[in-house]
Amino acid sequence: MATFKRDLTKNVGVEDLIMLTEVSESSLHENLKIRYKEGLIYTSIGPVLVSMNPYKQLGIYGNDQINLYKGKHEFEIPPHIYSIADKAYRALRSEGENQCIIISGESGAGKTEASKYIMQYIASITGSSTEVERVKKTILESNPLLEAFGNAKTLRNNNSSRFGKYMEIQFNLGGDPEGGKITNYLLEKSRVINQTQGERNFHIFYQLLKGSSEEEKKTYNLLSPDQYHYLTRNASNGCFTADGIDDQIGFKQTKNAMKVVGIDEPLQKEIFATLSAILLLGNLSFNKSASGNGSVISDKKLANTIASLMGVDAIVLESSLVSRQISTGQGARISTYSVPQTVEQAMYARDAFAKATYSKLFDFIVRKINQSIEVKTIGKVIGVLDIYGFEIFENNSFEQFCINYVNETLQQIFIDLTLKTEQEEYVQEGITWIPVQYINNKACVDLIEKKPIGILSLLDEECLFPEGNDQTMIDKLNKHFSNHTHYSKVERQKNSQFIINHYAGKVFYNIDGFLDKNRDTLFNDLVTLATSSSCSLLVEIFKYVPPLEVDPEQEKKNRDKFSKNGFANNAAKTFIPTDKKRPITAGFQFKNQVTSLLKSLYSCSPHYVRCIKPNSNMRALEWDQSKCAEQVAYLGLFENLLVRRAGYCYRQTFSKFMRRYYMIGKSTWPKWSGDAEKGVNLLMGELTQEINIKEEVQYGKTKIFIRNPQPLFLLEDKRNKRLNDLATKIGSVWKMYKQRKWYLRTLAAIKIQRTYRGWLLVRECVKLKNQSISIFQNNKERNRQSIKLSKAAFIGDFLSLTRDNYTTATLKREEGPNAVLQLSLNVSKVSRHHKIQKRSLLVTNETIFTITPHKPKKDGSWFAIKRKVPFSAIEKISFSKLSDDFFVIHIINEHDLCLETNKKTVLITLLSNLYSKHLNGKELVFEFKDSIQYRNQKGPSELKFVKVDSIHEKSSNSPQANSPSFTAKAEKNYLKVCVLPGLSSESKSILIEK
């Protein structure tokens, strides 16, 4: 079983709340508190991780910690965000199912940091090929880029996400990231034009102002932060810095991240120019026009600067802000006229344009990231949801309403999958179970999204009526929901608030601005202005139309519901999102996104991280009991603890259980083809013989349930051991197969090489045979021995000296390092006194050596060189015309070499071939005479050849004492050689095997 070395000095409380001795809310709170005080910010409730924001660096992240958690089960190791990431990754690999990690909690609870640690872990444990590294780097670098454009300092969090993000990482079959996709939700674009006192605008604005060089500041017409209306609005002193955030360093990181995701320098410049233009838009002020019924821009120079940054005409910019083009009529009767805007209307248009430009720019950056990690194939994914937490402010508007709505739906998922579905599953499977009560927030979700009578539906309907306003909207809400358990109206003289009783508590919403923000109106004049820009970025972001998924069946149901409930047909029709005459409302678009998100989450195996904000002061390790208790309550942690405490830590269908563990059972291996349930019973029966787990296991109708992790550890250990054994066996068989395959291939190669070498030898022998024929045919009588040429003879090393170290060393010393022995044989030499002397002949690739053997000496020598003749010194070689074996090598400016050998044909043929190669094709000269004149050490000498019919006496001087073909006898000044008649000179050499 895998083990983990725990730090006993940090053994505070219990790591898993299921192990609490006393199960109560107070003991749960106390356990979280004492662990948090000791810096132990992670605690689990079975598979659910509870994470508490420490507000300081703890040193519990990095490669060392990653290695500790890699491949470990959550039961084996202390709870950690890495453990959740590893569990999701292992499940994706082993089960082949999509996974999602849902991180929830209120603003400032540490959700964004948790998501970054998850990304870091996945990047660290996966492959390192060039493409995988590129994808991982892009995914990691997308975080600082999105934080720059989507995060801001709020009263509760210095790095608060002001948008929602669902990051899907797609993996290939090898388990490495091959791409991904980011979906963003509801950017808080109203922050661009207005922030609460003590808060900041989006980080990127301060990064741009603080991190730009002097040249960039001049290029983009940048000012100091306190000179921008959009950065100081509603803030008496302005808030331009944030603890723990360095805007100058952040700007460098943002630029680098842009480069990584494919935003090049020219595009970066357009983005920064657009950001500067957005800030300067806020400084535009308007005066009443001379006619008094319109408005004009008060600072034309500023308008020119903005127009220059945006690549538009300054006059058209002013016209688009201070007037609207209205079209009436249809077809040929359509007419267009300009309507002047009041100062207030012009300011509204200015702010709407700034918000829309920034929002579209943010969407563009998300698209650029997605393009850089896009994959065409469909694979398994791990999704990480980092979405804004539940928010309750002094003034809660449309943004908080949407944020709390999505948190309400996420809470419903948690309830469905961890409390409701789990208990229902026990009942359906026939498992003995005592129900645990919990708070179901479905009624609150229905209050917001139900059709046709839900807050979002009524809001969209009210936006359709020209006379609709915030007051008529709240009147309608009070009318329809006055008796709803999750809705309350506020009894005040000015009725501008309503209350929703969320799972996290009651929230007072201010209706002011709801309709405007839902309509999200941007006049066509401003869209036309942007699309006429010389800046390609502005044109692209304003022309881009996001895809909208519309379910035709749901659309028909919506239309029918409106008709049945007495709403006007026109209103019903215009509410349907496919009606191009009406813009899609922000609320409707957000609801569609939430629906799509829920569909994705429900299609995955979920993992939960519940984040808790310990205090509102953002102080390290400070514990606010009431605040934490409130979060524990609305997150449903105690109810989750009760279900997990009484429930089962593991459940799986019989078929999937068999697929994973069938190899460890004697009766189920190597293949189980019977009923899966029967197989599981047999397998667990064998396990029960080893340890008593009868009380730990229950069998449902379709699933097996295991209460505690110990049997799982045993199962996994057995499986790992079995897999190792099988891997060893497979490896052994594979090695044997590979070895045999290698042996057979080697054997075949040897045979092929041998055959090829034999073929080459035959070809060379045939060539040499033909060469010998060209030398001797019609020039010299032949004897039977000389015309029979064996293939082995042409190898030439008759004395087997090629591997003799002394011979090799001597030849290299005499001739040079390139000397190679080509021929060695025994010969007879005719001395100056015409006596026959024994010699050995060595031929290299450029020299002839005659040697005489002697007794081996201590230095290894065993012969002496008597004569050294370079090929270049050979003048010619002479032979008789008879069938003898004598020949003379005539040497330039030296005495000649008179030799005799019965291997004359092979020697001369090979020598002729080597001579020609060494002297660049020069042919060796051969002479055939009845007598041969030559020079020995004493002077001129001669070989005289006499053909005789028979040989009656054997001369002691004969080189071939036992040869019947010729004899040699020394005379005074010559050597007489008597030769029997031989074969015809026309006889051809033939090849024999031996």
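Backbone N, Cα and C define each Cβ position, glycine as well.
The ATP binding site annotation in Swiss-Prot covers G105, E106, S107, G108, A109, G110, K111, T112, and the record cites sequence analysis as its basis. For 12-720, the entry in Swiss-Prot reads domain 'Myosin motor', with the evidence type sequence analysis. Residues annotated as domain 'IQ 1' in Swiss-Prot, with sequence analysis given as evidence: 723-744. What Swiss-Prot lists as domain 'IQ 2' is 745-774, and the listing cites sequence analysis. According to Swiss-Prot, the feature domain 'TH1' maps to 782-970, an assignment based on sequence analysis. Taken from Swiss-Prot, the feature region 'Actin-binding' applies to 574-654.
Positions of the features from Swiss-Prot, shown on the structure.
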| residue | record | Cβ contacts under 8 Å, 6 or more apart |
| --- | --- | --- |
| G105 | ATP binding site | S51, K111, G389, F390, R610, C611, I612, K613, Q631, L635 |
| E106 | ATP binding site | R156, G389, F390, E391, A504, C611, K613, Q631 |
| S107 | ATP binding site | T154, R156, N157, S160, Y388, G389, F390, E391, K613 |
| G108 | ATP binding site | N53, T154, R156, N157, S160, G389, K613, S616, M618 |
| A109 | ATP binding site | S51, N53, G389, C611, I612, K613, Q631 |
| G110 | ATP binding site | S51, M52, N53, C611, K613 |
| T112 | ATP binding site | E147, N151, N159, S161, D386 |
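Within 10 Å of the Cβ of K111 (ATP binding site) there are 28 other Cβ atoms, across all protein chains.
Helix first, then strand, then coil: DSSP counts for the domain 'IQ 2' (745-774) stand at 30 helix, 0 strand, 0 coil. Secondary structure at G110 (ATP binding site), as computed by DSSP, is coil. On the 0 to 100 pLDDT scale, the domain 'Myosin motor' (12-720) averages 87 in the predicted structure. In the three-state DSSP scheme, G105 (ATP binding site) is classed as coil. Applying DSSP to the region 'Actin-binding' (574-654) sorts its residues as follows: 40 helix, 12 strand, 29 coil. The record gives G105, E106, S107, G108, A109, G110, K111, T112 for ATP. Within 8 Å of the mean position of their Cβ atoms, the other Cβ atoms in that chain belong to N53, N157, G389, C611, K613. In terms of DSSP secondary structure, the domain 'IQ 1' (723-744) contains 22 helix, 0 strand, 0 coil.
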